[in-house]
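Annotated features in TrEMBL:
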- B:73-265: domain 'ABC transmembrane type-1' (DOMAIN)
- B:12-35: transmembrane segment (TRANSMEM)
- B:73-96: transmembrane segment (TRANSMEM)
- B:108-132: transmembrane segment (TRANSMEM)
- B:144-164: transmembrane segment (TRANSMEM)
- B:185-204: transmembrane segment (TRANSMEM)
- B:247-265: transmembrane segment (TRANSMEM)
Amino acid sequence: MERTSVSKPRAWRDLGARVSMVVPAVLVYVALLVVPVIYAIYYSFTEYNGFPHRVPEFVGLDNYRTMFGSDDITGTMVVTAVVAVVGAVAVNLAALGLALLLRRTNRFNTFGRVVMFYPHVLSALVVGFLWQAVLGPQGVVNTMLEKVGTDSLPFLSDPDWALWSMILVIVWSLFGVQLILYLAGLQAVPADLLEAARIDGASRWQTFRAVTWPSLASTVTVAVITSGISLLKTYDVVVSLTGGGPAGSTKTLAYSILAVSFPQRDIGLASAQAVLLIVAAAVLAITVLVLRRRAEDDAESIG
Amino acid sequence: MKKTLTSAATVRVAFVSLVSLGMLVPMYLLVVNAFKSQQEILANPFSPSFGTATFQYLADAWNNPDFSILKGYGVTIALVLCVNALAMAVCAPAAYVLARTPKPVSRLLLFFFVAGMFIPTQVILVPVIFVLRGIGLMGTLPGLILFMTATTIPFTLFVFFGYIRVLPRSLDEAAAIDGAGRYRTLWRIILPLMRPIVATVFILNSLSVWNDFASPQMILGPGSGVYTVTTGVYAAVGQYSTDYTKVFPTLLLAVIPILVIFVVMQRHIMSGLAAGAVKG
């Protein structure tokens with residue numbers, strides 16, 4: 001009709017305007033996020049100490065061999081995986097459980113939500129220092145234990161304890177976000193279905209299994225992916241809570257990249273570790289998305 | 001029946017109260033111990049010291065010669081404002097065009113942008129340093145602002161896109177008939193309608209910029225002498241972690257502004273987070 005007969009120059013001008021509106025975002029994004037990823041991939045195949053006048057020397061897969069061959073670095077991979085998996089499970093269980101308890105909106109529940117969310121507005125660095133003062137060898141908890149005549153506990157000074165202490169601190173500071181996501185998701189659970197289940201005499205657990213859980217599918221996906229990715233890049237808490245110790249028991253990959261490989265001017269190795277983390281994040285996201293799709297298909301075939 | 005219901009409710013309230021208490025204990029310790037001497041902290045970490053409370057340690061932390069916390073607030077606030085302004089300035093037009101462009105092209109571009117959400121940004125800091133060095137912005141605030149803007153683009157653009165797509169196209173057509181170009185339509189028609197989503201994005205991006213530690217630490221470096229709140233806290237507390245008269249007051253000063261803002265705006269912050277994430 002009329003719109004198709006818009007004059008050529010005007011159509012061109014509109015195209016120009018459109019392009020000029022997208023270009024700035026593309027430029028910033030490509031220059032500072034995409035190009036660095038490409039650089040990381042390139043450097044991961046080179047030996048390079050980061051000095052501007054040195055040319056990176058191509059060494060093929062050497063950095064990846066070093067990475068998977070070094071006990072120290074495979075140790076950090078295990079720590080990272082434990083933090084990500086255990087942390088994500090704990091965060092999501094705590095968040096979903098408390099979301100179910102705080103579901104109804106009243107004064108008490110609103111207060112509870114605020115209290116459980118507040119650690120998220122503190123930076124992870126501050127959270128780490130704060131918990132260091134609570135759990136450290138001379139920290140609050142151990143001072144109290146000594147006062148009542150009990151032996152102090154090695155929360156941060158024993159390799160086995162330190163990792164679990166750190167996960168506890170991360171869960172404490174993180175689950176509030178997922179709690180809010182689940183609360184939002186619960187609002188979308190159809191009230192008439194819940195009512196119907198109640199009338200049919202379903203138990204709480206049956207109602208949850210049959211009604212609430214399936215309607216939460218997309219929320220669970222978002223919550224698991226967001227918590228998993230933020231756990232994969234755990235760095236700030238390590239710096240302030242444990243410094244990677246004792247004996248490397250809390251050293252994550254991100255910490256190893258920024259606090260070990262980079263200061264040692266091993267740019268190739270740092271980049272290889274970065275590539276590994278990017279791949280891990282992508283695999284995590286894709287896995288969760290595929291699982292979710294399958295779950296949705298199942299739900300459709302039932303309902 | 002009624003009786004079991006109320007006892008279940010009691011258990012629920014008791015449990016939630018207990019968890020809430022656990023969540024608040026570290027904060028309580030932070031506040032109480034910021035006013036005590038080292039001996040008092042070690043002797044009695046839990047009890048408030050109304051008799052001997054002193055502002056001395058808070059004043060010392062405020063006047064720390066290595067790190068001026070007031071300057072830290074200033075730098076961080078400037079960072080938050082610049083990153084937000086820049087991110088919205090580049091994302092709003094881009095999201096608008098993508099939301100109004102035929103499917104395949106915009107789908108592809110959107111996917112390209114959203115893929116950035118899955119890049120653990122702290123981890124690419126090493127190559128970013130070389131890029132910034134290449135364009136001469138390494139160790140400078142503009143360099144840090146550009147990088148932080150880039151890291152917020154995927155989320156900002158995605159959420160804006162989702163919001164604009166739902167706004168009726170007839171608005172654009174009416175504006176076009178009145179002779180408005182794309183820029184004018186965006187500025188006069190679309191942006192005013194985007195106020196709620198702009199507020200949401202502003203809050204969430206501000207939180208992540210305010211709390212970021214790795215980016216300012218790596219990009220500004222200790223040599224630049226410019227500290228954000230987080231890098232300043234690290235410089236002030238990092239090596240004195242057993243001197244609690246430094247730790248508690250410095251941490252308290254670092255968290256007061258953000259906690260006050262949170263308490264005042266908690267409803268908007270939490271509903272904004274829900275709205276922003278559920279779009280996914």
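Cβ from N, Cα, C; glycine included.
Bear in mind that TrEMBL entries carry predicted annotations, made automatically and left uncurated.
Sequence-distant contacts of the transmembrane segment (B:12-35) (same chain, six or more residues past either end, CB-CB distance under 8 Å): 41, 45-49, 53-55, 57-58, 244, 248-249, 251-252, 255. The transmembrane segment (B:185-204) makes contact with the transmembrane segment (B:73-96), as judged by at least three Cβ pairs under 8 Å among residues 6 or more apart in sequence.
Taking Cβ pairs closer than 8 Å, the transmembrane segment (B:73-96) reaches residues 141, 144-146, 148-149, 152-153, 156-157, 160-161, 163-164, 182-183, 186, 190-191, 194, 198, 201-202, 205-206, 209-210, 216, 226-230, 257 in its own chain, all 6 or more past its ends.
Long-range contacts of the transmembrane segment (B:108-132) within its own chain (CB-CB distance under 8 A, at least 6 residues past either end) are made by residues 98, 138, 143, 146-147, 151, 153-155, 157-158, 161, 214-215, 218-219.
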